[in-house]
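Look at Swiss-Prot and you will find Gly177, Asp178, Arg179, Gln180, Thr181, Gly182, Lys183, Thr184 tagged as ATP binding site, backed by sequence analysis. The site 'Required for activity' annotation in Swiss-Prot covers Ser378.
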Amino acid sequence: MAVATTEELYQRLLRSIREGVDLQPKMVNVGTVIQVGDGVARISGLEQAMASELLEFPPKAGRSEPVYGIALNLEKDSVSAIILGDYLGIEEGDQVNSTGRVISVPVGQALIGRVVNALGQPIDGKGPIQTTTYRPIERIAPGVITRKSVDTPVQTGIIAIDSMIPIGRGQRELIIGDRQTGKTAVAIDTIINQKGQGMVCIYVAIGQKRAQVAQIINILEKYGALDYTIVVAATASESAALQYIAPYAGCAMGEEVMENGVMIDGREVRDALIVYDDLSKHATAYRQVSLLLRRPPGREAYPGDVFYLHSRLLERAARLNEDYGGGSLTALPIIETQANDVSAYIPTNVISITDGQIYLETDLFNAGIRPALNVGISVSRVGGAAQTRAMRSVSDRLKIDMAQFRDLAAFAQFASDLDATTRAQIERGQRLQEVLKQPQFQPMPLEEQVVILFAGINGYLDDVPINQIGRFKAELFTYMRTAHPEVGKMIYDNRLDRKFPSPEIRSAIENMLKEFKQMSDFSAEQA
């Protein structure tokens, strides 16, 4: 290789000065890798490193791009870091540079409609993300003074949830259940229902199969939900380190929406909904990272700070008061249980952190009751504060009635004869159960939920055969949309007075029921 002459070096220096290259010397703390394996590197010489500082493994022969890591263990004579990316090219003796900053991800308008990895890098083939706005993934949660009580509903479009376990903007509501009980389906339906509601959605996939993530992205595209959604994917094939930071990266993107807003359909939006799917796999990834870092294991081999792992994440969900912009970040964490055991370590941790839980049960799912909601142990600690006046008035008794119906139905299996009151209660419960059934990807508007619940609770469906409830629902909704659109608008705008229900709703249901009986040719005796 030819050696550059003094003249050539001088010319290069002049050219650099003309082009404005910064020739000022920079002081960089440099360390050396003394041990590496399984995505963890021990580094000597970085005595000045901060906790959670971003470290750079610079390019070398065989690696054109730098690899980054996060310093997690600060020991007496070394630093242990998890490596974000391909660690196979890192060897003993490699140089490591301190960056003096914590890991940040791109945020803001440019991410809407994109699929990114845990570092905020695009993985959807739509080109680079054009943004100059970055946020650190870790941040202290908003303080008490900056918050406002939760009082605005997040309409999930799922009648069983909106009526009995209402979710408010700024709430943390856990979705918990065994595998294959419809947890992700509830979250995806909620995202689909936010179309036109002024909400940005963030879906964080942690440790899932790539095929499953691709299927979810296709569903969001099909229903037009990707236009206001960000997907953050750290799949099962990626390192435990990336799965560990993925929810924090998604949360940083949501906080940008909450605090500074983005434009959706020509208007500013400051409300965000984030789904963590799921935090069981997140805890497993953190356990793997901690064991590789030689941290002492505790219960079920999880490290001692596994509670703080999730509490510092979920506490960042908030409703800000008007002085701080009035935005909100609503969190829907998902936890997978084993054999319906909600008293295991991670489930109890997350239940105690969140503001309620939606418990989905395998037996109900297999019985065809979908969503498979167990009313008895599902709860929202925000309650009626996050409901409109009309929904609150029809759903006050619903949860108690449904819980009592489940108990009576279980008792009735062993009883030979039942008194008339108990039989009537069971029959009404069966009809309400049919009302609460809902197919996937078919969110129900608020006004339709209120009307059908009012009909069910007040006995208008008592004479309708159970197998005709679905048909009656569809025809009632069509009738209300065509004959009484003003009632639906009043419910949606929350303009009904305290004398709910309005006479129009009663007369509409009675007229529809009369027509339905004539068309269907059934009587109370046939029911």
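For all residues, glycine too, the Cβ spot is worked out from N, Cα and C.
There are 11 other CB atoms within 10 A of the CB of Arg179 (ATP binding site), with all protein chains counted.
Looking only at the binding-site residues Gly177, Gly182, the densest Cβ neighbourhood within 10 Å occurs at Gly177. Separating the Cα atoms of Arg179 (ATP binding site) and Ser378 (site 'Required for activity') is a whole-number distance of 17 Å. Cα of Asp178 (ATP binding site) to Cα of Ser378 (site 'Required for activity'): a span of 14 Å.
Other than Gly177, Asp178, Arg179, Gln180, Thr181, Gly182, Lys183, Thr184, the residues of this chain whose Cβ falls within 8 Å of the Cβ centroid of the ATP site are, in sequence order, Glu336, Leu360, Thr362, Phe365, Ala372. The two recorded residues, Ser378 (site 'Required for activity') and Gly177 (ATP binding site), show a Cα separation of 11 Å. The local packing around Lys183 (ATP binding site), expressed as other Cβ atoms within 10 Å of its Cβ over all shown chains, amounts to 26.
Spatially close to Thr184 (ATP binding site) yet at least six residues away along the chain are Ile216, Asp277, Ile334, judged by Cβ distances under 8 angstroms.
Working note on the recorded positions Gln180, Thr181, Ser378: by count of other C-beta atoms within 10 Å of each C-beta, Thr181 ranks first. Neighbours of Asp178 (ATP binding site), defined as other CB atoms within 10 A of its CB across all chains, total 18. In the three-state DSSP scheme, Gly182 (ATP binding site) falls into the coil class.
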